[in-house]
Amino acid sequence: MTLPLVEARSLSKSFGEGELASQVLKRLSFDINAGERVALVGPSGSGKSTLLAVLGTLLGATSGDLRILGQPMIGLPEAELARFRNRNLGFVFQFHHLLPDFTALENVLFPAAAGKGRETRLMRERARALLVRVGLEDRVDYGARKLSGGQKQRVALARALINRPALVLADEPTGNLDSGPAEQVMNLLGEINAEDGTTFLISTHDAAVAARCTRRMELLDGRLVGQDPAD
């Protein structure tokens with residue numbers, strides 16, 4: 001039997017202590033299987049971004065159990081979490097977070113070079129190939145400041161894929177884009193999911209984006225109030 005890519009059991013996250021503590025995630029239990037494209041929906045303040053940060057090992061859970069690729073995440077030292085994150089997880093945010101003084105190619109290369117401590121020819125070839133794949137073959141050496149919003153988000157997607165992650169966590173990836181560029185980004189996510197088997201968890205307020213996913217999970221006030229069954 002194949003294990004789920006992500007296994008969360010009674011996962012909770014609180015901020016603050018004592019009477020000032022605020023519980024943002026409340027005993028969430030779910031699985032995400034390899035190759036799925038899952039929409040994470042819910043109103044603002046429901047805990048979507050916090051859940052993505054916990055799944056991405058950027059925030060530690062307060063209680064519960066989290067396993068990714070079968071490996072327990074809770075309690076791992078930060079150095080181990082950083083290595084795991086770099087090798088196995090990709091991130092796309094609503095605001096692209098590109099390094100403004102770097103070219104498109106240099107931005108895509110950054111996670112790979114950071115993980116290895118150096119840049120290699122094979123890394124550059126893969127980064128260039130990813131930029132071609134997302135339709136930016138004529139923008140490879142453009143500075144990030146010169147790119148449009150949609151182009152920046154496609155660079156961010158290529159950057160998320162540079163280390164061949166098993167899971168990409170996308171937090172409102174089309175939320176800052178007009179309809180045309182947003183459609184381009186969602187088409188690319190769908191193609192990469194179908195062709196490469198990369199798993200995506202996509203936080204969104206957009207019903208059209210959620211409809212492009214294979215299933216959905218709904219958060220309300222930090223609780224999982226609905227989810228389609230895992231494939």
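Cβ atoms are placed via backbone N, Cα and C, with glycine included.
Just so it is clear, the model here is predicted, and its values are computed rather than measured.
Listed in Swiss-Prot for this protein:
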{"type": "DOMAIN", "residues": "6-230", "note": "domain 'ABC transporter'"}
{"type": "BINDING", "residues": "Gly42, Pro43, Ser44, Gly45, Ser46, Gly47, Lys48, Ser49", "note": "ATP binding site"}
Confidence summary (mean pLDDT) of the domain 'ABC transporter' (6-230): 89
Winner by Cβ contact number (other Cβ atoms within 10 Å) across the binding-site residues Ser46, Ser49: Ser46
Shell list (ATP; ref centroid = CB of Gly42, Pro43, Ser44, Gly45, Ser46, Gly47, Lys48, Ser49; cutoff 8 A): Leu219
Among Pro43, Gly47, the one of these binding-site residues whose Cβ has the fewest neighbouring Cβ atoms within 10 Å: Pro43
Least Cβ-crowded entry, counting other Cβ within 10 Å, from the binding-site residues listed as Gly42, Ser44, Gly45: Ser44
List of residues, in chain order, with Cβ under 8 A from that of Lys48 (ATP binding site) and at least 6 apart: Leu40, Val41, Gly42, Asp171, Ser203, Leu219
